[in-house]
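*Asks:* After the structure tokens below, expect a handful of questions from me.
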Amino acid sequence: MKEFKYVITDPEGIHARPAGELVKAAKEFAANITLTKDGKSGDCKRIFGIMGLAVKAGNEITLTFDGEDEEAAYAAVTEFVKANL
Amino acid sequence: MEVYQGKSVFGGIAIGRISVHKKDEQQVKRVRIEDPEQEILRYRQAKQTAMEQLQGLYQKALKEVGEANAAIFEIHQMMLEDDDYNESVENIIRMQQVNAEYAVASTGDNFAQMFSAMDDDYMRARSADVKDISERVLSVLGGRATGIAASGEPVIIVADDLAPSETVQLNKDLVLSFVTVHGSVNSHTAILARTMSIPALIGTAIPLTDDIDGKVGIVDGKNGCIYVDPDEDTLGRMQQLKLEEQEKKELLQTLKGRENITIDGKKIMLYANIGNSKDLAAVLQNDAGGIGLFRSEFIYLERDTFPTEEEQFQIYRTVAETMAGKPVIIRTLDIGADKKCDYFEMEPEENPAMGCRAIRICLTRPEIFKTQLRALFRASAFGNISIMYPMIISVDELRKIKTIVAEIRQELTEQGVTFGEPKQGIMIETPAAVMMSEELAKEVDFFSIGTNDLTQYTLAIDRQNPKLDAFYDPHHPAVLRMIQMVVENAHKAGIWAGICGELGADTTLTRRFLAMGVDELSMSPGSILPVRKIILETDVTKERENNNLC
């Protein structure tokens, strides 16, 4: 399992659109990818789960990657997060 | 005549017939079914059709209202494909042995309620999206078409609320205004109205009855009200106002894309002041030639801990890339005085305006300064960034800054990190900097005059103190002479000088600044076109003759 911590810098937070793009990126992989904020978690492959966390700018999130292709998932998803969130 | 009050989301006046839009009440009945698997198949087919419709709407919106507004239909597709949503629908069908319509309606209600209960205005507004996708599937299941009936003449649309799929199907040429009973400033109707630049009201206490349908209405976006069946006087008055507004708007619009050039050929740069990357849309809409002042301290003020180098780098890079080669002048942090930031742990001061602020913090705490400089130098590899240092009073300070800059350049080189070579200039906002401007000009690439602080320090008047308003003269000759002196010394050294304080947007001074030879004016985005108008009407040579400067 791999873990990644990140503080959201996008002033809008994870709005509908970035949530959708995050889901798109996560769905490329078989690994379970979970986003956690303040103890609450959402499945990165489910847009309602991610939007339901209402992640705002300045919030710290933790992404966990668990599964066969977790290395590749980690690389791709963290790159997306750093560039867009 | 009846008048109903609402909340305006976009100004302007619309006059036309009212068209009341009522949603087809989709009465969903709970029906027991024999073969749940067959019903699930029916649901999946309906969902597929809905997905295709959304793709069509996306393409249509892309052409008509642009990518940013079209994106909602892509989001809707993702919502419809969401596993939680689909599992919920299919579970209800399977467990309760009910029809797909009932399962979709219940699921839609549940998810909409989840959003309605959230502690965030934006997310609350998203419950409308969930309802919208659910209604779309219901329509497909029932074989009904959604959308607003087309009418032949342009109308004022009055509705309870409008879903994005309803607004996109509208023929935009036939909509004069939107008036809704519900909706929020973040709702799609509001966003669309702003994009289309048409007046719109939300939260309007108007009855959606058949008898107002087809009547003449006037939407007053400035005062947030709608007149139904207006009397002659009101109609005449509003028609006149609409005409004046139209003329003003057309005039300013014709100035878009024009150069900022005077009758006798003197060019001047018109840039925008911004506080964060959210302001970029306004910068581009108002046709700014660049960003003359990016107040980087807002990155620090909006949070509880120091922003990291990486976070700052991303923000500066985004701004530079969005401006696509146009100049972006970023002022290093100007914390202190009225802008306080707890985690800086500054000691309380007797006189904060003259205390440890801006460059003084940076030079006493170089670790903070270096983080920002590294981010700025790295970001400048991605666009046309200039760095501007605030509150300078001496050449010695510039030498110290240069030493620190040399250190970070060496560190970045050794670490193999890519960086650019930003231009470096200073704010002229202390009388000391004005008096030393001849020497300072030899050390930097540009000057930008911060008239707010310069005026307060020159006149010794605290701008936070309203009791001193009677003594305060923003056009005081002392300040204007200082500006003249700074411009002359800048030109002597071959560098440019601009103004980024409030005086930059003061159209009563634009001609005078042109006569002085000011090279750049930076202001809030909304002021750019009015200032451009003055520039285009000015003849600097004549202005100089008529004007005994200061």
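Backbone N, Cα and C define each Cβ position, glycine as well.
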*Asks:* Kindly point out the range from B:44-71, B:72-99, B:128-155 that TrEMBL annotates with coiled coil.
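*Replies:* In TrEMBL, the coiled coil feature sits at B:44-71.
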*Asks:* Given that TrEMBL annotates B:R295, B:R331, B:N452, B:D453 as phosphoenolpyruvate-binding, name the residue from B:R317, B:R463 that shares the site.
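*Replies:* TrEMBL names B:R463 for this phosphoenolpyruvate site.
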*Asks:* Give the residue counts of the domain 'Phosphotransferase system enzyme I N-terminal' (B:5-126) per reduced DSSP state, in the order helix, strand, coil.
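*Replies:* Secondary-structure breakdown of the domain 'Phosphotransferase system enzyme I N-terminal' (B:5-126): 80 helix, 16 strand, 26 coil.
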*Asks:* Using only C-alpha positions, which one of B:R295, B:D453, B:R463 is spatially nearest B:E429 (Mg(2+) binding site)? These are the binding-site residues in the record.
*Replies:* B:D453
*Asks:* List the Cα distance (Å, whole number) between B:N452 (phosphoenolpyruvate binding site) and B:C500 (active site, proton donor).
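*Replies:* That comes out at 9 Å between the alpha carbons.
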*Asks:* Give me the largest Cα to Cα distance among B:R295, B:R331, B:N452, B:D453, B:R463, the residues the record lists as binding phosphoenolpyruvate, in Å as a whole number.
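*Replies:* Across B:R295, B:R331, B:N452, B:D453, B:R463, the two farthest Cα atoms sit 21 Å apart.
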*Asks:* Based on DSSP, name the secondary structure state of B:R295 (phosphoenolpyruvate binding site): helix, strand or coil.
*Replies:* strand
*Asks:* Take the Cβ of B:D453 (phosphoenolpyruvate binding site) and count every other Cβ within 10 Å, whichever protein chain it belongs to.
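*Replies:* Taking every protein chain into account, the count is 22.
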